[in-house]
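*Asks:* First the structure, which I've put down as structure tokens, then a few questions once you've had a look.
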């Protein structure tokens, strides 16, 4: 039996640094999610993609470090990487822990992980580490053979074996196994204290800036309060149990941030199922009732657990609209690796492709996402505040405003390629907050100017793509330079976006 006292646990990791970050600080970040094993091998990239997606493909910490230019050029200011601990057989994704005190040798060494964190920090790229506290990996032989696990190698470290069969029964969700993975019993003092000490120590050892927490709904909220306090830095939880907004929202409080699954499901319905855009506004109304802070939620259209957007709906026009919401909507944006290269993999593991050899910074979606990140960082708009107002919605169009004075207008459509060869002219009402003759300039195409009169305006959507407008300041005449309205960093993007539109 391995029974380590807390004092010993505290000395396992040499404490060298602290990466404590607040939720408010994280709200200004743009996060790029990657799987360590699938993002980049060290050295020259292979000429073909990995063919066996059920096992290790060869990505490493050194590979990530060597591709930081690619990430930074896209506009990301943080990376979310796979759990780093040693895993059981074929645990390339990191979610099947074998030894929580050992770095996965398939990814690299402790020193190489430290070097990666240091290299990121030198570029002001923050590191969000994925961690798992709910379960360990698959035992060898029998479901109760825990002898190879460190430090949880005894039967009493786990709940009795049962499988989660009803995800609406919270007792089953918290006490039973997910896909047969041994479920840790956090009510045992040894298990609880070990996990709390472990998260505290790796924060100080590696200087991680935050954590993404796996399988949050499968452990009690009281545990997560203690876990967050022990980790002493930002945490974003994966709380997903179907499209149950208030159920999910109850986990914000124990943890400061969550992935916004209600918004993910709403955008899937609106964009990939072509349901009315009211799916989004209806979900937002529920979120504002059920979450304590919608601006602290992570927005995404792709991740490692669900088929990619382009697999569900092979329409890059629709994807471009969904990405515009991710970048400008309330919350902070996440981009899953491969989206920028138009990856279209299906369910796990097909949505976990190797990124190599596709590192082109000229790919249309790479350049489009770069234009969005540039805009978010360049515009004088507070994207971290609760200032989103939905102004107009119908079956095919959503218009919302951001900013203290609603100075940014974002116009989205779900017509997709059906509108690619035409101009869709919308009379947008609900703009009564603006005085007559208020002008808005398209941030990417300065010739595109709209004027509000009597609470309405006409917006022409071209080729099924979204538009983003910035209000011209009072006193600016129609002949004033667009440079008085649009940041210089965006002025050169119009030609690139025109190119993008023709390629999608």
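Note: Cβ is positioned from N, Cα and C throughout, glycine not excepted.
TrEMBL: automatically predicted annotations, no manual curation.
Here the structure is a predicted model, which means the values were calculated and not measured.
What TrEMBL records for 214 is active site, nucleophile. The active site, proton donor annotation in TrEMBL covers 238. Annotation source TrEMBL lists substrate binding site at 96, 135, 212, 242, 305, 352. Annotation source TrEMBL lists disulfide bond at 50-57, 162-176. Per TrEMBL, domain 'Glycosyl hydrolase family 13 catalytic' is recorded for 33-376. Annotated signal peptide per TrEMBL: 1-18, in sequence order. The site 'Transition state stabilizer' annotation in TrEMBL covers 305.
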*Asks:* Would you mind listing, in sequence order, the residues at least six apart from residue 162 (disulfide bond) in the same chain with a Cβ closer than 8 Å to its Cβ?
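*Replies:* Residue 162 (disulfide bond) has long-range Cβ partners 172, 175, 176, 177.
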*Asks:* For residue 352 (substrate binding site) and residue 238 (active site, proton donor), determine the Cα separation and express it in whole Å.
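*Replies:* A Cα-Cα distance of 18 Å.
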*Asks:* Which residues of the same chain, at least 6 positions away in sequence, have a Cβ lying under 8 Å from the Cβ of residue 135 (substrate binding site)?
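*Replies:* Residue 135 (substrate binding site) has long-range Cβ partners 97, 177, 178, 181, 182, 183, 184, 215, 218.
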*Asks:* Long-range same-chain neighbours of residue 57 (disulfide bond), Cβ under 8 Å, sequence gap at least 6?
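*Replies:* For residue 57 (disulfide bond), the qualifying residues are 37, 38, 41, 50, 92, 354.
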*Asks:* Between residue 238 (active site, proton donor) and residue 214 (active site, nucleophile), what is the CA-CA distance rounded to a whole number of Å?
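*Replies:* About 5 Å separates the two Cα atoms.
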*Asks:* Given residue 242 (substrate binding site) and the residue listed as 'active site, nucleophile', what distance in Å do their CA atoms have, once rounded to a whole number?
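*Replies:* Between the alpha carbons of residue 242 (substrate binding site) and the residue listed as 'active site, nucleophile' there are 16 Å.
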*Asks:* Rank the recorded positions 214, 238, 305 by the number of other Cβ atoms within 10 Å of each Cβ, and give the residue at the low end.
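*Replies:* Counting other Cβ atoms within 10 Å of each of the recorded positions 214, 238, 305, the minimum falls on 305.
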*Asks:* Test of understanding: give the count of other CB atoms lying within 10 angstroms of the CB of residue 242 (substrate binding site).
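*Replies:* Excluding its own Cβ, residue 242 (substrate binding site) sees 12 Cβ atoms within 10 Å.
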*Asks:* Roughly how many Å separate the Cα of residue 96 (substrate binding site) from that of residue 214 (active site, nucleophile), to the nearest whole number?
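*Replies:* Taking the Cα atoms only, residue 96 (substrate binding site) lies 11 Å from residue 214 (active site, nucleophile).
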*Asks:* For the substrate binding site, please report the maximum Cα-Cα distance among 96, 135, 212, 242, 305, 352 in Å.
*Replies:* 23
*Asks:* Report, as a single number, how many Cβ atoms besides its own are within 10 Å of the Cβ of residue 50 (disulfide bond).
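*Replies:* 20, counting other Cβ atoms within 10 Å of residue 50 (disulfide bond).
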*Asks:* Return the count of C-beta atoms lying within 10 angstroms of the C-beta of residue 212 (substrate binding site), excluding that atom itself.
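*Replies:* Other Cβ atoms found within 10 Å: 24.
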*Asks:* Within 10 angstroms of the C-beta of residue 176 (disulfide bond), what count of other C-beta atoms is obtained when all protein chains are considered?
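*Replies:* A 10 Å sphere around the Cβ of residue 176 (disulfide bond) contains 18 other Cβ atoms.
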